[in-house]
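Look at TrEMBL and you will find 90, 93, 94 tagged as heme c binding site. Feature annotation from TrEMBL assigns domain 'Cytochrome c' to 77-157. The feature signal peptide is assigned by TrEMBL to 1-25.
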Ligand code: HEC
């Protein structure tokens, strides 16, 4: 009988110990993002909550903030939006095809900041800015819109497909770069709703 009681006590003890460990392993309260985004130049942590409202609770942004994977890559509805957002916010300095103008080209495999090879790095540069004329864009683009711009910049890429680390092997096989004159109908189906304007 004594043995049995001890056994139960030991089991209970184990259960408490495990529960304790699980409690310790839980992240503290507050919004959690899987990925810590940093300013491209200073390395300071970026607060993704700051800036233009909205665009933080879409499935794509949630996935991106957790995993760094961009679910919009190759989605025509997001390319359509990204093209328009890029034309308004970026092409004046970076060129219509991101070929470079006042700012550097964004359509080849050379990056001043190698972190921009990854979609997470490109997102951080757009959100938090870089040097000089490249200011932060989080006041005029919300995270979902930034992800659409990232998607469009990747679509303008003209470098070797093997260096396109933002595509998985399957996507590399079917990757079709931008062609001049290509258009996306307003009602094209996909994850991105047409922009308001
Ligand atoms: C007022 C001009 C201007 C605007 C508008 C602008 N940029 Fe820039 N951008 C620059 C300049 C200049 C640099 C170089 C800054 C540096 O090297 O730190 C730059 C750098 C960059 C880089 C880093 C490139 C590399 O080689 O690592 C990225 C990415 C970028 N811009 C994306 C964008 C996107 C996307 C937009 C629109 C949302 C945008 N920029 C809007 C001027 C601009």
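Placed from the backbone N, Cα and C atoms, the Cβ positions cover glycine too.
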Near residue 90 (heme c binding site), which residues of its own chain have a C-beta under 8 A away, given they sit six or more steps off in sequence?
98, 103, 149
What is the number of other Cβ atoms found within 10 Å of the Cβ of residue 93 (heme c binding site)?
13
Cβ-Cβ under 8 Å from residue 94 (heme c binding site), same chain, 6 or more residues apart: which ones?
100, 101, 102, 103, 104, 105, 106
Summary of DSSP states over the domain 'Cytochrome c' (77-157), given as helix, strand and coil counts
44 helix, 0 strand, 37 coil
When pLDDT is averaged across the domain 'Cytochrome c' (77-157), the result is 97
CB-centroid shell, 8 A cutoff, heme c site 90, 93, 94, site residues removed
86, 89, 91, 92, 95, 98, 101, 102, 103, 106
